[in-house]
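Report on the following structure.
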Amino acid sequence: MMSAVLVVHGGAWSIPDEMAPASVDGVKAAARHGSSVLKSGGSALDAVEAAVRALEDNPTFNAGYGATLNIDGEVELDAIIMDGRTLASGAVSCVKNIANPVSLARAVMEKTSHIMLTGKGANQFAESIGINAIPTDKLVTEYEKKEWEKHKKYFAGVMEEFNTKWAHDTVGAVAVDCAGNVACATSTGGIRNKMVGRVGDSPVIGCGGYANNSSGAVSCTGHGESILKVTLARLILSHVEQGKSVADASRLSLQYMGDRVQGAGGTIVVSPSGQWAATFTTERMAWAAAADGVLWFGINPEERLNEKLSQ
């Protein structure tokens, strides 16, 4: 029996000082929640779903409740989950009125022969399996309404939106369980003021997330179009397969994305042996890792704080 590890992130972006404490508290709570699933014998897949659900339910983060609004003032959600043991994956994109898209993604994986469902079809599938839709206004925070109103007046495009450091934060989790199986999950509301129907990296296999027992599990965050161009999650694991540590693989891949397509972002990675890393090239990324009875966490570059992981 090996030691189980779970790592979460709350998005890589320029988190303002007034949101930093809530962001750190949120990832710590999600890591504790996911870790308790592992400790009670749950699988890596169960743990990443539980951790991401906790982040989706937290209005601090741009996923589920608290998601950003598109150019029409609507919420469109994307999510992915992947099982490193079988390479089974499920994803949804442009989903409306669903509080926990990560669980809908898992249902796509387990109850259909497909990998991704989008828009109306994803919502119809949710209804068919008894996942209740909730009113749009239940997902939208007052903070987001104000930010959307403020920025829609001089919006210039998603790249500019990202580079001007307005809110952007995907959430994600990776885990390895006691059996050595890895899993990943990623969920997002996308970039504020995105075009209707825009899909970023988060629900795309090999970009927003990837998990394979032979190399590890990754969840990515950052400028979605840049991550898609370099297939960031898969790129990181290809470096791991060539013998790099998960930390070096993450750093090299993010550096390549910056050099090649001028994109910034962040990643969390765990290997089947329990090695883990949280790396980012944005100003900040809230992250937390539960490993060997210790809860590690940080938000600023090079920051690695820790406390005892009480269950």
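Quick reminder: no glycine exception, Cβ is built from N, Cα and C everywhere.
Quick look at what TrEMBL annotates:
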| type | residues | note |
| --- | --- | --- |
| ACT_SITE | Thr170 | active site, nucleophile |
| BINDING | Arg198, Val199, Gly200, Asp201, Thr221, Gly222, His223, Gly224 | substrate binding site |
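Distribution of TrEMBL features across the structure.
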residue	record	Cβ neighbours (10 Å)
Thr170	active site, nucleophile	34
Arg198	substrate binding site	18
Val199	substrate binding site	20
Gly200	substrate binding site	26
Asp201	substrate binding site	31
Thr221	substrate binding site	32
Gly222	substrate binding site	30
His223	substrate binding site	26
Gly224	substrate binding site	29
Could you measure between the residue listed as 'active site, nucleophile' and Thr221 (substrate binding site) for me? Cα positions, answer in whole angstrom.
6
Give me the largest Cα to Cα distance among Arg198, Val199, Gly200, Asp201, Thr221, Gly222, His223, Gly224, the residues the record lists as binding substrate, in Å as a whole number.
16
